[in-house]
Amino acid sequence: MKKIITLCLSLCMTAALAAPTYALEYSIDAPDDYDFGKDTSIEVIHTADGGAMKNADMSKNAALIPPAFGSESMNALHTGEYLTPNLAPGGIPASGAVIGGSAATVVTPGSTVNGGSGYQPAVLFTEVTGDLYYKNSSLGRLEIPTLDLSVRIYQGTDIKTLAKGIGHFEDTSIWNGNVCLAAHNRGANSYFGQIHTLDIGDKITLTTKLGTRTYKVTDVSKVSETDRSGLADSGENMLTLYTCVRNQRDQRWCVTAAEV
């Protein structure tokens, strides 16, 4: 009997000393400096919308086989063949499709866009380089027969430049695309003093070392002095002329002309 009592007491003491066991819950937060791969380089692409929408892609959905060097598509996003088609969401998309999101459509030179928009020309741009200057430091000449105007064009739009002739906006094209020019509207060098009197269809001639082009006026309007939309790149050859509006400091005359 004593042995049984002793055994029972031992079991009771053992049970009392045993620690209860519960399922543990874990909560793991990512460290501030997480060790993930960084975005690869971002290359800005000229698009048919003139850069209105940011066209940068950082996705890593599926690898593309590099296009041939020097081809029209070598710098255009999503125009190559997939190295691993099975990794592309939803199968292999058509050329020019956007994977994993939305973005501006990339249009390569000479390509067409399906749908109602029809042909979308690529943005045209000719950078000012040293070989495009004449010996007199000008970039060319602008002629407006209606105004009996023939003036040399110089790089820049500062006061010193506009004292010599017509100024060329430095960030715009000098030949292909949208060529943007400015001049004074009054004083001894008021070369653009009468451009607001031009009529639709009046001819303007631009001559540079790259050749001579004739344009016809398509619009004459007043814009805010802060409105820079007229300086945007274009897929068509055109001229944009700016000058001040007399006695209206916050306004500018803007004349646009398209190549004939």
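A Cβ is built for glycine as well, from the same backbone N, Cα and C atoms used for every other residue.
Noted in TrEMBL for the protein shown:
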- 1-18: signal peptide (SIGNAL)
- His184: active site, acyl-thioester intermediate (ACT_SITE)
- Cys244: active site, acyl-thioester intermediate (ACT_SITE)
- Between Cys244 (active site, acyl-thioester intermediate) and His184 (active site, acyl-thioester intermediate), what is the CA-CA distance rounded to a whole number of Å? 7
- Item | For His184 (active site, acyl-thioester intermediate), nearby residues of its own chain (Cβ under 8 Å, 6 or more apart in sequence) | Leu162, Ser190, Tyr191, Phe192, Gly193, Thr243, Cys244
- Query: Near the Cβ of Cys244 (active site, acyl-thioester intermediate), how many other Cβ atoms are there if near means within 10 Å?
  - Reply: 20
